[in-house]
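Q: Got a structure for you, questions after.
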Amino acid sequence: MSARTLVPPALLRYEARHCGMAAPALLAAGLAGGAVTAGSPPAAQPALAAAAATGLAGLASLAVIAVLARTRALELHLSLPVPFPVLLARRLAVVAAALVGAALALGAGSPEAAASAAAALCPAALLSGVALRVWARRHSPAAASGAAVAVWLGYALFWAVHVPPAVARPAAAALGVVLIATALGPRAVPERVVEEGR
Amino acid sequence: MKGVAALLAVACYEARMAARGRGVWIGMVPMAALALLVGMGRLDGAESARLNAGAVAEALTLVVPVGVGVVLADRLRRGTAAGLGDLLDSVPLRGAARIGAVLAGGLAVALLPVLPVTAVLGAAAAVRTGDAAALPWTALAFLVVLLPACAWITALAGVLALVLPAPLARAFVVPAWFWAVAWNPRLLWAPTPVGTLLVPSGEYPAQAWFGTTPSWAGNGQVGWLSPAADGTVTGLANLACVLLSTALLIGGARLIMMGKR
């Protein structure tokens, strides 16, 4: 990333406005999940905390798709000096900040806050990576959401159940980082737009 | 007769549009892969072909409708775009019937990747049980267990996306489905249709025609609404309830769309 990726606060505020309600909604979901988990009977708490963490991860990927779907006038962005991947990275950073806040709020009530936050953040990286990658390829919110939800259920029903967390979470996070990095590479611009613009 | 032809024409047009856009069926491919994993996990060759078909369809009904609802959520919403409503009202099919046809066309395309998965699962059941009847049983289970559930969630997602922004509607579809078919009110109480005749999880039809043992049917929170799963009568009653609530959701979508114009 070059020097022009340094983000002044005014620009960050501008990009946050362009993200719409996705980031505040994510934060609110984290706060609500933490409050419900803390206020529920102790017998239900472990199951609820796990469901809330996985649920937040899925919500994060849908928030990413909501932000991506709001990047209109792609041809205009392509003509600006800021590379399109940098623009996407700035907006996704806003979502990521909201996600970290939500994950911390989720685990605030429980004794192992760090583990609870990791349970949400690691799958969130994977699911956001899947959503971003599919969107970069197809430029379709429906396809990206369908893929993210399928991977979400696969993670919750199979991967997280059969693989111990010490392996499952870092593996998901690593795969997610790879997916995000490749999606924000030179291929970040939806190929359909490039083809149409040629 | 003319009405049926118009209904089919609108459904075919919507299906072709959805297939051309490719987002709908490509978004369902990962879900079809997950369905294969879930279905294979439920196959055990020890039981009859009929029982295997029912158990597999019941397992698929837990996950596949989620993908269908998420992928198809914006199908009705795009019909409300500026000026498009007037154009669409010029087709010789009015009101709720057109909405039903629009959703049916999208649903057909969304289920395209699931069809080969169902065929593979039926073939696997046939090999495991050594009974070729597993193939037609699996096809029947797809029709009476999975398809009504998908129709219900498609209508629900369509209505949600009419009153909420599309991304929010997609986010609501997932918990809504698990609330409707898998919420455990004994772990954490909430009003839910789980276990009653209103549930779209296909447990009653699977028990009625495939002999599976339902895990929730008959244990709902409202006694008179949750009779023990007992053959064709409860199976048909549940199917009627699910299709009726789908029709009600479509009627609600019609009212919302009329109010928006």
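One is the number of the first residue shown, and numbering goes on along the chain from there.
Any Cβ shown, glycine's included, is placed from N, Cα and C.
Dumping what TrEMBL says about this protein:
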- A:48-68: transmembrane segment (TRANSMEM)
- A:88-108: transmembrane segment (TRANSMEM)
- A:114-135: transmembrane segment (TRANSMEM)
- A:142-161: transmembrane segment (TRANSMEM)
- A:167-189: transmembrane segment (TRANSMEM)
Q: When you scan the chain for residues with a C-beta under 8 Å from the transmembrane segment (A:114-135), skipping those not six or more beyond its ends, what do you find?
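A: Same-chain contacts beyond the flanks: 49-50, 52-54, 56-58, 60-62, 64-65, 68, 92, 95, 99-100, 102-104, 106-107, 141, 143-145, 147-148, 151-152, 155, 160, 165, 168-170, 172-173, 175-180, 182-184, 190.
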Q: Out of A:48-68, A:88-108, A:167-189, which stretch touches the transmembrane segment (A:142-161) the most, going by CB pairs under 8 Å?
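A: Highest pair count goes to A:48-68.
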Q: Six or more residues beyond either end and a Cβ under 8 Å away: which residues meet both conditions relative to the transmembrane segment (A:88-108)?
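A: Here the qualifying positions are 1, 5, 7, 11-12, 15-16, 18-19, 22-24, 26-27, 29-31, 33-34, 37-38, 49, 52-53, 56, 60, 63-64, 67-68, 71, 114-117, 120-121, 124, 128, 132, 180, 184, 188.
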Q: Sort out the residues at least 6 away from either end of the transmembrane segment (A:48-68), same chain, that have Cβ-Cβ distances under 8 Å to it, and list them.
A: 19-23, 25-26, 29-30, 33-34, 36-37, 40, 88, 91-92, 94-95, 98-99, 102-103, 106-107, 110, 116, 119-124, 126-128, 130-132, 135, 141, 144-145, 148-149, 152, 155-156, 160
Q: When you scan the chain for residues with a C-beta under 8 Å from the transmembrane segment (A:167-189), skipping those not six or more beyond its ends, what do you find?
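A: For the transmembrane segment (A:167-189), the far contacts come to 74, 78, 84-85, 88-89, 92, 118-119, 121-130, 132-133, 135-136, 155, 159-160.
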